[in-house]
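Read the structure below first, then the notes.
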């Protein structure tokens, strides 16, 4: 029996919806576009196009993986962040749309032509690459503890032709004292007992990129421990945090001697970003 694009979309959407996927139709379209190497407009233009047996077999495998809960980004092999197509892997956190708020806030701090920027715990390179895209004159650097993440971030930088220096470091361990104008991070911040760790895509992602120690705040303490030696006077620190951690993170910022501490919400209206500044001399 011939399987058309339209009929496959309808059936895949139905199965995904029954499995509890909120964006069932969109996910089905993304799988089909990946298989055909076409955009969604093509699906609407050629709904009666027939899939080959090989295409059907591959799509059936991808659909089953998604029904089993495997993250869609891993099945597709790439995910979009800030308009950039980033390769992803099980070694890193999948970039989230809410993290784009961190990019927006960093860009809002000014358009100085030659800032020096550090992205701590870069993962896929999402934050660093987004900033370099928007501010080509900035000297953007990034580190990650996981060698596989460093390899992936470097690959994304090469493919996007963005000049970002990326190397391996356990937080500040391999980052010499310097004079960064801006340091930002989306560190592990989930409490180990948080029930969300057992839900959705998070079940499959690396715990080292998610869990922030016994209280969810360990990564912030490590990050702040190196600020005095690396953030220049007047420089800014921006971090993402959990919706219920804004007060605790702001307190850690204050203890570290940062000033002008403020918070910002994500697209859902939840407290998501804390910003602070090292006092000017």
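Just so it is clear, glycine is given a Cβ too, placed from its N, Cα and C backbone atoms.
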According to TrEMBL, 121, 122, 123, 124, 125, 171, 186 bind S-adenosyl-L-methionine; so which of 98, 144, 215 is the extra one listed there? 144
Residue 124 (S-adenosyl-L-methionine binding site) in three-state DSSP notation: coil
Of 121, 122, 124, i.e. the binding-site residues, those within 10 Å of residue 187 (substrate binding site) when Cα atoms are compared: 121, 122
So, in DSSP terms, is residue 144 (S-adenosyl-L-methionine binding site) helix, strand, or coil? strand
For the binding-site residues listed here (121, 123, 125, 187), tell me which residue's CB has the most neighbouring CB atoms inside 10 Å. 125
